[in-house]
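> What follows is a single structure, and I will ask about it in a moment.
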Amino acid sequence: MQPLRGTKDILPDETIYWQYVYNQALEIFSLHNYKEIRTPILESTQLFERSIGETTDIINKEMYNFKDQGGRNITLRPEGTASIARAFVNHKLYQKTIQRLWYYGPMFRYERPQNGRQRQFHQLGIECIGSLNPMADAEVIHLAHKLLNQMELNNCTLEINSIGNLEERKRYQMDLIEYLKPYTKDLDKDSQQRLNINPLRILDSKNMKTQEILHYAPSLNKYLTKQSINHFNLVCTYLDSLQIQYNINYKLVRGLDYYNYTAFEIKTNLLGTQNTICGGGRYDNLIKQLGGPETPAVGWAIGLERLLQIVQKQLDIKKDHSRVYIITQGIEAQKKIWQIVKNLENEKINFELDLSNTSFQKQIKKAIKSGAKLCIIIGNDEILNNCITIKILNQHKQYTIPYENLLNEINQLSIKSEL
Ligand code: ATP
Ligand code: MG
């Protein structure tokens with residue numbers, strides 16, 4: 001049996017990197033008073049239909065939908081923001097001050113699996129809910145930047161744009177359609193389909209011919225009103241103060257309908273076509289749309305597979321070995337070992353207990369293979385004499401000590417750094 005197409009097992013050699021990202025995130029976000037939120041992986045299909053937008057790729061073709069035994073329409077979440085907005089409304093979190101939230105977990109999209117694109121993948125994200133201040137935009141972008149720096153991701157660029165508000169976009173959309181219509185036949189297939197249902201996404205097309213046609217298309221930034229422009233300029237000013245470099249990309253739009261004003265992506269040139277590591281922006285209407293009070297918000301999500309694919313090799317994370325390997329032989333020794341196990345545990349000394357019930361020789365070979373520096377050996381002789389044999393593996397040194405001296409001995413060896 002194989003894992004399902006587009007899903008992957010993450011084995012212990014790799015989970016250390018996932019734990020590392022989690023811990024780094026926890027540390028950095030805590031400094032800024034962001035709190036972790038965990039929402040269900042299953043949600044009602046309607047939640048995503050109502051938030052992400054009916055004409056988006058996610059809703060049209062990427063959702064993992066099914067009916068449960070009760071006939072309810074259920075979806076495996078394709079992203080995190082909709083669920084958080086739902087939780088925000090359900091738990092009336094708006095009664096408190098600003099909510100600074102972060103999340104970490106699996107997302108599901110039925111896409112064609114390829115490098116950097118899976119059907120089950122993981123996102124780490126934050127949401128700053130309750131402020132319209134451009135400082136909030138700067139704060140969340142700074143946090144993405146900080147985390148990626150901490151993960152030693154160099155070679156990435158922040159692209160930023162303002163996609164204005166709904167009215168500005170509507171006016172722009174009409175003119176864009178007008179401009180593109182005469183070229184319909186020359187557009188790529190996807191863009192032809194998008195022309196009438198979601199024309200903004202055409203700006204995002206990777207097709208060369210389409211991009212050529214777009215060269216003289218009207219530009220969204222010309223349609224922004226003073227309020228949108230002010231907001232955007234302030235975000236840029238704050239990024240300058242934070243010394244975060246960015247490129248303004250007037251063609252940057254996002255694949256989800258709920259965004260307004262600020263949209264941004266962090267891209268790397270190291271991943272081929274799947275080159276976006278982080279995507280985010282402002283969504284001031286989503287919470288109202290889901291039945292809550294009008295509440296502005298801004299956030300982002302990082303794709304962890306894509307991030308780790310780049311940084312994993314260069315991260316210097318120690319692969320932990322057990323310090324102590326425990327070898328037993330005979331039922332009496334195996335009865336007595338549990339006290340030692342508890343003592344090591346209390347002292348926070350990590351260890352591995354051999355379970356093989358084979359000869360001393362074989363167990364010692366395993367100890368060497370395990371990378372442990374020290375062996376504790378208890379067999380019939382040790383039981384009879386109430387003692388323990390200690391073997392320092394890399395020095396081929398072996399000696400016996402009284403049972404009660406074990407912890408003391410291990411601590412001494414640690415001080416002498418033989419462990
Ligand atoms: P793309 O254009 O690559 O499909 P997107 O706009 O659909 O990305 P978002 O919804 O903004 O992506 O998700 C944020 C991040 O999550 C992406 O920048 C990417 O790093 C990651 N991501 C999205 N879809 C996948 C996937 N199928 N497999 C792995 N990572 C993904
Ligand atoms: Mg996508």
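Going from the start of the chain as shown, residues are counted 1 onward.
Cβ coordinates come from backbone N, Cα and C, glycine included.
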> Check TrEMBL: it lists Glu79, Gly80, Thr81, Gln123, Glu127, Arg254, Tyr258, Tyr259 as binding L-histidine. Then name which of Arg109, Arg171, Arg194 it lists for that same site.
Arg109
> Within a 10 Å radius around the Cβ, which one of these binding-site residues has the most neighbouring Cβ atoms: Thr81, Gln123?
Thr81
> With H, G and I counted as helix, E and B as strand and the rest as coil, say where DSSP puts Thr81 (L-histidine binding site).
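In three-state terms, Thr81 (L-histidine binding site) counts as helix.
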> Return the average pLDDT for the domain 'Aminoacyl-transfer RNA synthetases class-II family profile' (1-311) as a whole number.
94
> Taking 10 A as the limit, how many CB atoms besides its own sit near the CB of Glu79 (L-histidine binding site)?
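Excluding its own Cβ, Glu79 (L-histidine binding site) sees 21 Cβ atoms within 10 Å.
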> Please list residues from the chain of Arg254 (L-histidine binding site) whose Cβ is under 8 angstroms from its Cβ, counting only those at least six apart in sequence.
Ile163, Ala263, Glu265, Gly279, Gly281
